[in-house]
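**Q** Please read through the structure below; I'll follow up with questions.
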Amino acid sequence: MDTIEVSNLNRQFLFRQHHVGQSKAKVARDAVLRFRPHINITPYHSNVKDPQFNVDFFKQFNVVLNGLDNLDARRHVNRLCLAAEVPLVESGTTGFLGQVTVHVKGKTECYECQPKPTPKTYPVCTITSTPSKFVHCIVWAKDLLFAKLFGDKNQDNDLNVHSGDGNSQSEHAQDVFVRNPHEDLEQYGRRIYDHVFGYNIEVALTNEETWKNRQRPRPVYINDLLPDKLVHRNGYSEDCKTEDLTPSAMSSLNLKNPQDVWSLAENSRIFLESLRLFFEKREKDIGCLTFDKDDQLAVEFVTAAANIRASSFGIPLHSLFEAKGIAGNIVHAVATTNAIIAGLIVIEAIKVLQNDFENYRMTYCLEHPSRKMLLMPVQPFEANKSCYVCSETPLLLEVNTNTAKLRDVVERIVKAKLGMNLPMVMVGSTLVFEDGDDLDKDLAANYALNLDKVLSGLPAPVRSGTVLCLEDLQQELVCNINIKHREEFDEEKEPDGMVLSGWTTPSEKGKEVAVSNGETKAVASVSSSEADGDEVETTPAVPSKKRKMPKPERSETATENDDKPQTRPSRNLSDKKSLQEIKDNDDDDDIIVLDDNPETSKRKRIH
């Protein structure tokens, strides 16, 4: 469902400048037909997860070739290919790295047979109180401050949690972010600046225990950097727009190079000017904005806010170019790598169409030669018997059944970790939750009530030893979860307040290495693909070994697929004729869902 952006033009050979804004699928079709006019291509400018692209839709194909840009969509297609019994050729690139893997039900591992490390997340307390990396400041500026000022005004936020206490002065009341009716934008901007970069830091410093082993932050107030007279004397440029006529604080202040690192005073000017431009030029958007890396003014505001906060905490400042890469999870692409991977996709597709199973290869494009090779082919691996997409082993969920609500399990586990779109949750023969647009209103209301009940308070109580049966009819998947009651959780290491485990992957000496709470202990290190040197998404783990398919004789190296805007896998071969030692670079939630016969999973609804 993507449209073409300027940043797409340097990484492929089908789109041109005049195509910007148009549908990728439709333009790609037109471009191909110009040199292959006698073939049939049907483009769909849609979400691959739309209901129309169901199992029956997939059954009409001989092979599916994936070039998707996120893991959620990849997992969805993998499950539908398994249900439809259609071979899948997966692919992905990042920079000089890339891979093409082949997945055939009953013959090779599926795309989800190897656990993926969880994307790096940061505890709220780190983001709001003790940042130590620039990425912490970016998350704070993007997800808290930008959202509070320009997004949904009713959302809860940690930016002014301290200002609602009884000892606070009136100027720091809970509605500090609301602009007063007679307050000009200059006064409003300076007041917001002083609150988030000055007052909130002062409040944080009162907790002496926090700073015993940390560098104390320095409150920053606007008058220390930009006295009133100085601001008015400098004024603003009349030209406050970029070449495409969008408002820009940089243009307004004559700051032209996005790769320059601004001083603290320059960041403060950008902060005030971008806030002013939002209210003067885009007032209609305020209240419903979300951060967009392609929104110049939003990037300017977030960069300035992150840099001012970084300065307070002794963190090096970054340029707008660097900040945009971190905030937008931008992964730089190389057109030659994409072309090589596209060619490899076609080669494997031809083998699939010819039923040449013995010559299937999973091929990895390397940045540096390994044994004088930049392309490393490997025989497909057999399915992991502990994979919850193509096997039937139950999971274990440790949770406090007396405090955790059904909503927590559905949102954090069933949808976020297991990737189900329209799940049904059953306790024994009792259906306690179902998702979907076609539900009867009364049923939907009953399920909504159940979502806010604790597990032990459901119509069919969930306690230690209870088995939850999960099903997604859209994906034709079924999964069972054994519940284990647990009283306490480590807020920093287990922020969800529950731990999902049970996924194992074959290890070196036949042992099984468990993976819990989304942290893989069986796959190797994840390298960051972000434009940031601060290890934005890095998950350490231990190397593992996989079982190869028995028939083919050759083998070299292996990796897991991942989505393009995130980290790519890279596996290094140790010996051609032995089991490979694998290094996976991946950063998504564990998928633990079972493929099953849908006819066996029709259940009577009990309300």
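Every residue gets a Cβ built from N, Cα and C, even glycine.
A quick note: this is a predicted structure, and the numbers were derived from the prediction, not measured.
This is the feature table in TrEMBL:
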type	residues	note
BINDING	Cys110, Cys113, Cys387, Cys390	Zn(2+) binding site
DOMAIN	272-324	domain 'Ubiquitin-activating enzyme SCCH'
DOMAIN	397-489	domain 'Ubiquitin/SUMO-activating enzyme ubiquitin-like'
REGION	489-607	region 'Disordered'
COMPBIAS	550-566	compositional bias 'Basic and acidic residues'
COMPBIAS	573-583	compositional bias 'Basic and acidic residues'
COMPBIAS	584-598	compositional bias 'Acidic residues'
**Q** Could you break down the residues of the domain 'Ubiquitin-activating enzyme SCCH' (272-324) into DSSP helix, strand and coil, giving a count for each?
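**A** Helix, strand, coil within the domain 'Ubiquitin-activating enzyme SCCH' (272-324): 35 helix, 0 strand, 18 coil.
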**Q** Other than its own, how many Cβ atoms are within 10 Å of the Cβ belonging to Cys387 (Zn(2+) binding site)?
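**A** Excluding its own Cβ, Cys387 (Zn(2+) binding site) sees 25 Cβ atoms within 10 Å.
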**Q** Based on DSSP, tally up the residues of the domain 'Ubiquitin/SUMO-activating enzyme ubiquitin-like' (397-489) by helix, strand and coil.
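**A** Across the domain 'Ubiquitin/SUMO-activating enzyme ubiquitin-like' (397-489), DSSP assigns the residues as follows: 24 helix, 30 strand, 39 coil.
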**Q** So how many other Cβ atoms are close to Cys110 (Zn(2+) binding site), meaning within 10 Å of its Cβ?
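**A** Cβ-Cβ neighbours of Cys110 (Zn(2+) binding site) within 10 Å number 24.
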**Q** Counting across all protein chains present, how many other Cβ atoms fall within 10 Å of the Cβ of Cys390 (Zn(2+) binding site)?
**A** 23
